[in-house]
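Features as listed in Swiss-Prot:
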| type | residues | note |
| --- | --- | --- |
| ACT_SITE | HIS50 | active site, proton acceptor |
| BINDING | GLN151, SER178, ASP179 | substrate binding site |
| BINDING | GLU153, ASP179 | Mg(2+) binding site |
| SITE | ARG75 | site 'Transition state stabilizer' |
| SITE | ASP89 | site 'Increases basicity of active site His' |
Amino acid sequence: MNNDVFPNKFKAALAAKQVQIGCWSALSNPISTEVLGLAGFDWLVLDGEHAPNDISTFIPQLMALKGSASAPVVRVPTNEPVIIKRLLDIGFYNFLIPFVETKEEAEQAVASTRYPPEGIRGVSVSHRANMFGTVADYFAQSNKNITILVQIESQQGVDNVDAIAATEGVDGIFVGPSDLAAALGHLGNASHPDVQKAIQHIFNRASAHGKPSGILAPVEADARRYLEWGATFVAVGSDLGVFRSATQKLADTFKK
């Protein structure tokens, strides 16, 4: 068995409520992803929803993270079984599912990552995740080593947070602050009191069901507040944001 992913250390850390500090990867480049993997983050999101990623760009990034202590988490573009199956086959074990609004959608996400009879994942006997058929116990181990994080970012999701958090196979609840702010009528203002109240409510309800919660918080004060509120897995920045900020600061140092 591949000791890099079995057992899934990120999944185990979440179950133990160990704080996991992460970073968002949106540059879609194996070199920048490799640098992130050397930085010491507990987890990294490789974004397939808003970043220009696909199967052909994800594979070299996974290769770049081989041996890194940072757990790769893929945000899928949509909660669709075929897309999820292909990402499983290339070697992802940790999934962030966007825009989950109901228990049924959460159940579909879980089922998409499990082989029958627990789920509906299609079977290929030779792919990158099982080292092209050379991992003898892959099928026996796979189902219990998948992490499913579902993203709540709408009013309906907030309304159904208890049912979503109680879904078997869901390992954590992730808040999408920007979309949630837009859904609550505060586009571009995730700091609005209504949005902050909703975020804290989601954290509290996740905790009530024994599930860890997470969020993207590139502003340090926000990240520390969310950790104080009980968030377990927090992405504290992005490669794109760090790169833009650092290059702008460097230019300003000499141009202004």
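Note: Cβ is positioned from N, Cα and C throughout, glycine not excepted.
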Substrate site shell beyond GLN151, SER178, ASP179, criterion: Cβ within 8 Å of Cβ centroid: PRO98, PHE99, GLU153, VAL175, GLY176, PRO177, LEU180, ALA182
Given the recorded positions HIS50, ARG75, ASP89, state which is nearest to ASP179 (substrate binding site) when distance is taken between Cα atoms. HIS50
What whole-number value in Å do you get for the largest C-alpha pair distance within GLN151, SER178, ASP179, the residues recorded as binding substrate? 12
Counting all other Cβ atoms within 10 Å across every protein chain shown, which of the recorded positions HIS50, ARG75 scores highest? ARG75
Recorded positions compared (ASP89, GLU153, ASP179) - highest count of Cβ atoms within 10 Å: GLU153
In which DSSP state, out of helix, strand and coil, do we find GLU153 (Mg(2+) binding site)? coil
Residue among the binding-site residues GLN151, SER178 whose Cβ has the most other Cβ atoms within 10 Å: GLN151
Residue pair GLU153 (Mg(2+) binding site), ARG75 (site 'Transition state stabilizer') - Cα distance, angstrom, rounded: 14
Could you give the Cα-Cα distance between ARG75 (site 'Transition state stabilizer') and the residue listed as 'active site, proton acceptor', in whole Å? 9
